[in-house]
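If you check TrEMBL, you get these features:
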type: SIGNAL; residues: 1-27; note: signal peptide
type: DOMAIN; residues: 40-139; note: domain 'Immunoglobulin'
type: TRANSMEM; residues: 146-170; note: transmembrane segment
Amino acid sequence: LMRPLQGSRGRSVVVGTVTLCLAAGWALQTPGGVSLVVPQPNINATVAQNILLSVEYSCRGVATIEWKHVSSWGTTSIVEWRSGNYVNISTVYKDRVTTFENGSIQLRNVGVRDAGYYFVTVMEEHGTNAYGTIIVNVYEIIYEDLHFVAVLFAFLAAVSAILICFMWLCNKSLHLFQKKTTHKLTASTTEEIELETIEC
């Protein structure tokens, strides 16, 4: 009774070992895939600012990274490069894009048209892909509002100056009026004294 049990146990150990070896060999031959992390999926910027579209990818083989911009004006290819090899930057972004080894790009001097969705694709040579999206909002500095505030401030300063001058004039007029009234009172008192002296 013990021998058949030992035999079946030995057979199962051999089958398990062979299965494990086959699985390990298959795992070594098959690429591990691509992983992509987007730490900041929303970016707010103002006109003329530089922004970093930050990502971090990892893969076993050689990867090709591609960035595209999608907005209401259409879809534009920004840049495509293979790690360690060529970099192909679109003519529209020629002097405005810097690429980094981790898959990130920097956009210099952004404008309102740079707002929209930025799609990054990391393609491994064995055919595995990973995708990421970053939403960028670009705001204009509205000089009209600043102009309005400056004009309002100047207007209030002018009104304040006019009011101060008016108060100063009123104060001077009041002093002159008080002097005249005092002078009249003094003159009438003197006349009364003179009249009393004459009557006596």
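Note: Cβ is positioned from N, Cα and C throughout, glycine not excepted.
Predicted-model confidence for the domain 'Immunoglobulin' (40-139) is 94, expressed as mean pLDDT. Secondary structure of the domain 'Immunoglobulin' (40-139) per DSSP, as helix, strand and coil residue counts: 6 helix, 59 strand, 35 coil.
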